[in-house]
Structure formats: C-alpha cells, structure tokens
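One structure below.
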Amino acid sequence: MDFSQRSFHRSLSSSSQSPGLSMSSSIYRRGVAPSVYGGAGGHGTRISTSRHLANYGSVPAGGNLFAGNEKMTMQNLNDRLASYLERVRSLEQSNSHLEQQIKHWYETNTPSTGRDHSAYMGQIKELRDQIKDAQLQNARCVLQIDNAKLAMEDFRLKYEAERGICQTVVADLHGLKRVFDELTLTKADLEIQIEELTKDLHLLQKEHEEEVRSLRAHLGNNVNVEVDAPPSLNLGAIMNEMRQKYDAMAQENLQKAKEQFEIQINDLQQQVTVSTEELKGTKDQIKEQRHTYQVLELELQSLLNMKEALEHTLEETNARYGSHLAKIQARLNSLEGQLVQVRTDTERQIHEYNILLDIKIRLEQEIATYRRLLEGEDVKEYQLSTLDEKDIKKTRKIKTVVQEVVDGKVVSSEVKEVEESV
C-alpha cells in the first residue's frame, strides 16, 4: 500500500446488495449459491451467484423439505458452506495482511516521540554559549565605545579650555608687545626731548657768553663812573647756578626715565618669559592631547569594525538557524500532512473493514442458518426457499481530500464525498 502524500486523494469503493431471499412454492426452483470475491482491502467487493434449475415437484403441505432431490440440495448446501468458509478465511487473511501493512507503515513513517536528541544537545548548548558570548562581547564593545565617546568629549572640552587659555595668552602677548612698542616710543620721545634740552642749554650758554663779551666790550670803552649804588648782580654766577640747576634736573629726569624704563622692561621681560613658558607648556599639552585624540580615534575605529564584524556574524548565525528552523518546520508540516493522509486512509480502511465485517457477520448468520437446516432444526416449518436473482446495484463513492498548503504548512483541509451509481 502506498501512503505517499498527495494534495488530492481518491478512494473508490463499491457496495453491493446481496440477493434477497424469497419464499415461494412454485414447481421450478432455481438453486442459488452465492460467493464473495474481492481484492485486498475490500476494494471492489461484490457477491456473485451460481444458479441451476431444479424440478422439485410439488411439495405437499407439511411435507419434508428435502423430499425429491435431497442429495443434490445437501451437496449444494455443502458447497456453499465450503465457499463461505473459504471466503471467511480469505477475508481474515486479507484483514491481517492490511493490519500488518498499516503497522509497518506506522513504524517506518510515523516520527518517534521518544527520539533521542541528546546527541544534538551538546552542539545546541555550545552554539547557545557562543551566542551569549557574542552578545556579551557586543555589550562590552558598546560600553567601550560609550566610554571612548565620553573620554573623547572630556578631552574635547579640555582642548577647548586650553585653546581658550592659549588664545588669552596670545592676546596678552599682543598687548605686551603693544605696551613694549609704546614704551619704545616713549623712550625715543624722551631721548629727543633730552637732545632738544641739551641743544637749548648749549644755545643758552652761547648766548650768555656773547652777552658777557658784549658787556665787557661795552664797559671797557666807557669811563668808570662810581656811583653810590648797591652791588650789581653776578650774571656769570647766576648762569652757572641756572646751568647746574638745569643739568641736575635733566640728569634727575633722565635717571628717573631710565629707572622707570628699566623697571617696565624687566616687568615686561618677566611677563614675556612666563607667557612663553606657559605657551610652550600649552603647546606641549595640545600636542599630547592631539596624539591621545588620534589614538582614541584609531581605537574607536577598530571597535566600530569589531562591532560590525560581530553584527555580521550574529546576522549570519540568525540566518543559518532561521533556515534550519524553517527546514525543521517544513519537515514538521510534511509529517503533519502525512499524518492527516494516514488518518484519512485509516478512516477509509476502517470503513471498508466495517463493510467487510458486516458481510462476514451476514455470512456467519447464513452459515448458522444452513447449519441449523443441516442439523434438522425445525425442518418441517421451512419450505424450500429459492434465491431469486436481484438486480445488483453498484455504487461508486469518490472521496476527495483538498488540502491548502502555504510555505509547506497545511492551512486548511476539506473532505468531499460523492456517491454515484454505476
């Protein structure tokens, strides 16, 4: 028997009606010996009859049933009994053969519920551990990426702060340069003023000498007239005193200007030195932070590449197990479809078996009746019965199973039965 899966299954069965029994007392009777034949499984089972004409004559009321042709009747009944017994044995053998085939099919095709999957548990556990390790590694990578981002943000803030400080120092340097330029200009102005004052002093000395010479020349040509007057002023002494006074003031102003200039120059040099050192330290720190930033950027890039590789591996693992799961699901759907087919075939065979069992029961009843007749039970109450041939009605039953399969899975199943006469 073939239990392969099909979308449409047709099972044909034919039922037959055995000839009915009629009781009559006509002179000519037809002796009927029915026999049953059919294939394995009960397909195409029908009952055929063999007939012969016998002239029994008239049977008187209350006469013997086997009067006239008793030997032929007994032989006919024995033949029919042997035929029935042989048919019963044949049906029993066919039934046992069908049961063995069904049992064999269930043993070979039905998936075992107690199947040992322990061989796969180790591999499944190992794969689950790998998936968990990959997930943990992915989480670690994400955490490291977040930490790197936070560190990068901190370094960026520090870099911005140091750059602001550097810009402030540069601005201070520019301011100090401007102050230095102003002091240089002030120094030049003071030097110019000193030169001008020196020139004025020389000019005043020349004028004083000229005035003294002119006065001496004028006094030498005049008569010395003595008058009673207060003593005249000593212009030379006054000029010398004024010259000394102005020289002292010029020297004092020059000394003060030099001291102030030196003080400002020293302060400016100290500020420039400090600013230069700070600028150098800031440049070194900026260089170090730039190097750290490049290192962190490389680490971030490597972590991103590792993350992409892990995500790709995870996707491949999910796809591989998804395809494996889809294959298992398709196999499960196929087995479910085969199970539905087996159940349908089993129900059909049970139906056919019930038909054969009914035929067997009727045959056993007829055998029991014939046995009673042979044993002589109530012989006087029976008259010779004849089996008139009746029209055998054949029917064909078409069973159609329609299954809708989507992605290897049985979505719906519909069974249609159509019975038509042949």
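Glycine is no exception: its Cβ is also placed from the backbone N, Cα and C atoms.
According to Swiss-Prot, the feature region 'Head' maps to 1-69.
Per Swiss-Prot, region 'Disordered' is recorded for 1-25.
Residues annotated as phosphoserine in Swiss-Prot, with similarity to another entry given as evidence: Ser13 (among others).
Taken from Swiss-Prot, the feature phosphoserine covers Ser16 (among others).
What Swiss-Prot records for Ser26 (among others) is phosphoserine.
Positions annotated as region 'Coil 1A' by Swiss-Prot: 70-105.
Annotated domain 'IF rod' per Swiss-Prot: 70-381, in sequence order.
Averaged across the region 'Linker 1' (106-123), pLDDT for the predicted model comes to 70. What Swiss-Prot lists as region 'Linker 1' is 106-123.
Summarising the annotation, Swiss-Prot assigns region 'Coil 1B' to 124-215.
Here Swiss-Prot flags 216-238 as region 'Linker 12'.
Mapped onto DSSP classes, the region 'Coil 2' (239-377) shows 137 helix, 0 strand, 2 coil. The region 'Coil 2' annotation in Swiss-Prot covers 239-377.
As annotated by Swiss-Prot, region 'Tail' applies to 378-422.
Shown for the region 'Coil 1A' (70-105): DSSP residue counts in helix, strand and coil, namely 36 helix, 0 strand, 0 coil.
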